[in-house]
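Colleague: Once you've had a glance at the structure underneath, I'll fire off some questions.
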Amino acid sequence: MRPLADLVGPGPTAPATVAGLDVAYAESGDRLAAAVTVLDARTLAVVDRAVGVGRPAFPYVPGLFAFRELPALLDALEKLTVRPELLVCDGHGLAHPRRFGLACHLGVVTGLPAIGVGKTPLVGEWDPPAARRGAWSPLRDGGEVIGRVLRTRDGVKPVFVSVGHRMSLDNACARVLALTPKYRLPETTRTADRLCREALAAAC
DNA sequence: GCGACAG
DNA sequence: ATCTTGTCGC
């Protein structure tokens, strides 16, 4: 599927809606809840939301993460009534050992523009970006630039941004900064995180 | 062989 | 991902 990913874009510069996706797991590991929240890209208000609950379809194996979370995320995506113009994934896109992380997989399967925003690295080397919000440094692996280490808050640990599908790296970083007016992680990720935890608790 | 390893 | 404990800062 890797050749099917559009790593150029540039994708929408002013999307009307942006979606956040996340998954929560039961402590026992036998249940999970996936959530998608769709935000108005200008006001960051949630305009649609959907969840999918079930059992993990695959064990957690670094590099094969999509096989674990993608099925439940697709379930949730199908329940949306609003078609988001961009998917902001909790995990990497191009910044993957075989250059096809969750964000690429989700983008190709849905056909929607997608980007990956990881909290910790999976592959690559980088220099720490300057302390100011907006500062960044290239994430490199095997002689190629696979993403960007982006500071979304002054003096706070940066996030790892990479292209998923139908988006340029420049635009991906601009979208992430637009989604982080107050906290380290995008508002899309934060609302989806709360929703999947809530859905998991409700699905007792 | 050893260490690393998105969530 | 999940859980715990303690510290720092607004």
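Placed from the backbone N, Cα and C atoms, the Cβ positions cover glycine too.
Okay, these came from TrEMBL:
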| type | residues | note |
| --- | --- | --- |
| BINDING | A:Asp22, A:Asp90 | Mg(2+) binding site |
| SITE | A:Tyr60 | site 'Interaction with target DNA' |
Colleague: Measuring Cα to Cα, how far is A:Asp22 (Mg(2+) binding site) from A:Tyr60 (site 'Interaction with target DNA') in Å?
Modeller: 15
Colleague: If I restrict to non-local contacts, at least six residues apart, and a C-beta distance under 8 angstroms, what lies near A:Asp90 (Mg(2+) binding site) in its own chain?
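Modeller: Residues satisfying the criterion: A:Gly20, A:Leu21, A:Asp22, A:Val23, A:Leu102, A:Val117, A:Gly118, A:Lys119, A:Thr189, A:Ala192, A:Asp193.
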Colleague: For A:Asp22 (Mg(2+) binding site), what is the tally of other C-beta atoms lying within 10 angstroms of its C-beta?
Modeller: 27
Colleague: Run through the Cβ atoms and count how many others sit within 10 Å of the one on A:Tyr60 (site 'Interaction with target DNA').
Modeller: 12
